[in-house]
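Enquirer: Pulled from TrEMBL, these are the listed features:
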TRANSMEM  7-25  transmembrane segment
TRANSMEM  31-51  transmembrane segment
TRANSMEM  58-75  transmembrane segment
TRANSMEM  81-103  transmembrane segment
TRANSMEM  178-200  transmembrane segment
TRANSMEM  220-240  transmembrane segment
TRANSMEM  273-291  transmembrane segment
TRANSMEM  297-314  transmembrane segment
TRANSMEM  326-350  transmembrane segment
TRANSMEM  362-381  transmembrane segment
TRANSMEM  393-415  transmembrane segment
TRANSMEM  444-467  transmembrane segment
Amino acid sequence: MKKLESVNYKGFIWPVIIGLILWFMTPIKPAAVPVAGWHMFALFVATIIACITRPLPIGGVSIIAFALTVLTKTVPMEKAIVGFGNASIWMIAMAFFIARGFIKTGLGRRIALNFVKAFGKRTLGLAYSLIGVDLILAPATPSNTARAGGVLYPIIESLSQSFGSDPKKGTERKIGSFLIFAEYHGDMITAAMFMTAMAANPLVQTLAKSNGVNITWVGWFLAALVPGIISLIIVPWLIYKMYPPEIKETPNAKQWAEDELSKMGAMTLPEKLMAVIFVVALVLWIVGSFIGIDATLAAFIALGLLLLCGVLSWQDVLHETGAWNTLTWFSVLVMMAGQLTALGFIPWLSKTVGNSLHGMNWILVLVILIIAYFYSHYLFASSTAHVTAMYSAFLAVAISAHVPPMLAALMLGFFGNLMASTTHYASGPAPVLFGSGYVPQSKWWSLNFVLGIFYLVVWIGIGSLWMKVIGMW
């Protein structure tokens, strides 16, 4: 090694300054907050800011945050290390490995091509077909980045090129821009529909449980079903109207898909095994709460079967860096967020905000909290980091304001995904799809702003009424 790795030292400036200011404000902290709780708050805020300024990748930031948390004696090592044993986080890691099976075997690509073959005569139909693939994969792929980036983006790229749509040639608007942006939102919606469709959703379940709300896989799905289907139907059409492709008819797509499927040949044994194990995992996630198998165990079983059958090798598992990266930084942030509660900061904040909203109608309180939660995402480069930082506090405030607990827990859970309708760095799929060059930043932000309003209206309005109809509050 002759050259040091690149470090963005300027990215440390704001986290350090703000962290130190908060730390040394301890003498004038609110009396109800313990010293350790305030110190934990200072460290947590500095860490979240560092996740935004990115002096190091988020994994590196989390390791430094972990070391400082223990070094300052804010949290003892035996409590800090507990975060790495969180079952929900391990389920996420397992799911990365399962997603690798879809990509490695080619099953994900085969599913996508069959949808294109069946529904791809028009550009709008093509978008619906691709989103349909996302919908099928979503329940068993808690990495929405893996779905959008690993499975569907290569298909969209190939389709776009086959129609002469290439940002390098200035022809991105032919078809590619529309398909990229439609898939981004389709992936976002499917992530909101299933508890196992995005990394932060199981965390929502864990945080909700700590607030006395027990969310099941089936309960989440049923609550999201109607607003989710409405969104899946209307959003691609809205994008089609606001950001129309130049090519509206795609008669060649069917032939292209047939040619690609012909090249793939018949389903291979690995694909068949992957399909069977996928169904096993899905069934276990659906019925697990009734037979005593939680989501994490179901994911372990699925991975074990993939290894046992030879679909994946242990080297595949070791090389799935996204899983190990997520396991590292997520564990640290979850530990820190948990300690904010354990050390008294979150209870104080919830009580304070709850008192400020005292006397307000609970519906108004819920709307205010969700809007604040949604638009604060402009400050975050990760949906998971945002959920970790704010979900528990906002849920506690909602419950203290007499919002029905299940309604509050699920609404905040849904918008932990839908708030990605903001920036080009809002979630894992965003940098992948935006980075393809098909959609300029100005369009990405402006279209997301309009669609964000749509999500707020549909999911709060229709979603709340639907949950009332099915007796969830």
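Even glycines carry a Cβ here, placed using N, Cα and C.
Each of these features: where is it, how hidden is it, and who are its neighbours?
Expert: Proximity of distant same-chain residues to the transmembrane segment (58-75), defined by a Cβ-Cβ separation under 8 Å and at least 6 residues beyond the stretch ends, is recorded for 36, 39-40, 43, 46-47, 50-51, 325, 328-329, 331-333, 335-336, 339, 343, 382, 385.
Within the same chain, residues 137, 140-143, 146-147, 150-151, 196, 199, 202-203, 205-206, 274, 277-278, 281, 294-296, 299-300, 302-303, 306, 311-312, 316-317, 320, 322-324, 326-327, 330-332, 334-336, 338 sit at least 6 positions outside the transmembrane segment (81-103) and bring their C-beta atoms closer than 8 Å to a C-beta of that stretch.
Proximity of distant same-chain residues to the transmembrane segment (220-240), defined by a Cβ-Cβ separation under 8 Å and at least 6 residues beyond the stretch ends, is recorded for 123-124, 127-128, 131, 135, 178, 181-182, 185-186, 189-190, 192-195, 201, 205, 410, 413-414, 447, 450-451, 454-455, 458-459, 462-463, 466-467, 470, 472.
Proximity of distant same-chain residues to the transmembrane segment (297-314), defined by a Cβ-Cβ separation under 8 Å and at least 6 residues beyond the stretch ends, is recorded for 90-91, 94-95, 97-98, 100-101, 104-105, 140, 270, 273-274, 277-278, 280-281, 284-285, 288.
For the transmembrane segment (326-350), the list of distant contacts is 30, 32-34, 36-38, 40-41, 43-44, 47, 58-59, 61-63, 65-66, 69, 74-75, 79-80, 82-84, 86, 89-90, 92-93, 96, 199, 203, 206-207, 210, 384-385, 388-389, 392-393, 396-397, 400: same-chain residues at least six beyond its ends, Cβ to Cβ under 8 Å.
If one looks beyond the transmembrane segment (393-415) by at least 6 residues along the same chain, the residues whose Cβ comes under 8 Å of a Cβ in the stretch are 192, 201, 204-205, 207-208, 211-213, 215, 219-220, 223-224, 227, 346-347, 349-351, 353-354, 357-358, 360, 362, 365-366, 369-370, 372-374, 455, 459-460, 463-464, 467, 472-473.
Remote same-chain partners of the transmembrane segment (444-467), defined as residues 6 or more beyond its termini with a Cβ less than 8 Å from a stretch Cβ, comprise 181, 185, 192, 223-227, 230-231, 234-235, 238-239, 242-243, 366-367, 370-371, 374, 406-407, 410-411, 414-415, 418-419, 421-424, 426, 434, 473.
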Enquirer: Which residues of the chain, 6 or more past the ends of the transmembrane segment (178-200), have a CB below 8 A from one of its CBs?
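Expert: Beyond its ends, the transmembrane segment (178-200) has Cβ neighbours at 91-92, 95, 123, 126-127, 130-131, 134-135, 138-144, 147-148, 152-153, 156, 159-160, 215, 217, 220-221, 224-225, 228, 231-232, 235-236, 239-240, 243-245, 285, 295, 326, 330, 383-384, 387-388, 414-418, 420-421, 427-430, 433, 436, 438-439, 443-444, 447, 451, 459.
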